[in-house]
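Record features (TrEMBL):
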- 296-318: region 'Disordered' (REGION)
- 65-87: transmembrane segment (TRANSMEM)
- 107-125: transmembrane segment (TRANSMEM)
- 137-159: transmembrane segment (TRANSMEM)
- 165-188: transmembrane segment (TRANSMEM)
- 224-242: transmembrane segment (TRANSMEM)
């Protein structure tokens, strides 16, 4: 009798084990499918993963709040444009508008484009430069762009005697956005955009060309054109001559890959290089660099550290490394979300 009861218990346990083995694979397969849906495939390009909303820095979020807040203020109080926008005839008493004009977007689509550009491009540049250098870049490019626009407007007034150049309100963050594109050109020039197969190093030139073409069709785009032009040029000057390299303790990026002629197609460079060399001597206080094409900048016959192709490759490697770290953090966050989803699914089963 005991032997029969033992046989019945063993047979029941075998049946239960068989049923459990048959029931378990189904939810496991479903959980794995859910996890695979939540993580991107390995073949997905880096540029596509960078379009994700995660990874926005606090500094970029804070600047976005400033852009949106100033737009709301101008929308509620239209007279505030007089005090915040750049109006050349009133800049002398209201000198602060050389700073505030760069953070004031007068149109809805302007603040939307500037906010998106700040968030997505800023999260690539800030890890490479650091928060202090990033905010310094934004402030200086914004101020220098407004200063150049002010000087240009005054000059156009004296040439044409048209008061339109003195009283038009000019503002916008798109000069800094153009500068961000120049920064991307510097750190990851060979990175290709997803779906377009265009290298990042051509983004500043394409943006400038599109702005010039649009200005022929709409009058409003004409007011944005000086900001885009001066924002692109001032940011290049800052990165080329003034930005301090923490490794070599030198200023600027004198590599040939970041020369002014690299903004133009190859067949224009024989024309651009002699003109750019004149401004280069002015910015370098007349210092000659006859051996720039072979050895980089020289000082007493010796090449300066950081002016050779090795330093340029190191700069690109730092940019690529920061890019990979950002992608790794995003992949880790996705894996954690997948693990939480798998745990929840297991508990529900």
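Quick reminder: no glycine exception, Cβ is built from N, Cα and C everywhere.
Whatever TrEMBL says is automated annotation, not expert-curated.
Within its own chain, the transmembrane segment (165-188) has Cβ neighbours under 8 Å at 67, 81-82, 84-89, 100-106, 110, 113-114, 117-118, 121-122, 124-125, 128-129, 137-138, 141-142, 145-146, 149, 153-154, 156-157, 200-204, 207-208, 223-224, 226-228, 230-232, 234-236, 238-239, 253, 258, 315-316, 318-320, 322-323, counting only residues six or more beyond its boundaries. Just going by CB pairs under 8 A, the stretch in 107-125, 137-159, 224-242 that sits most against the transmembrane segment (65-87) is 107-125. Beyond the transmembrane segment (137-159), the same-chain residues lying 6 or more positions past its ends with a Cβ under 8 Å from any Cβ of the stretch are 63, 86, 88, 91, 97-99, 101-103, 125, 129, 165-166, 168, 170, 173, 175-176, 179, 183, 226-227, 230-231, 234-235, 238, 243. Sequence-distant neighbours of the transmembrane segment (107-125) (same chain, 6+ residues past either end, Cβ-Cβ under 8 Å): 50-51, 55-57, 59-61, 63-64, 67-68, 71, 134, 137, 172-174, 176-177, 180-181, 183-184, 187-188, 220, 322-323, 326.
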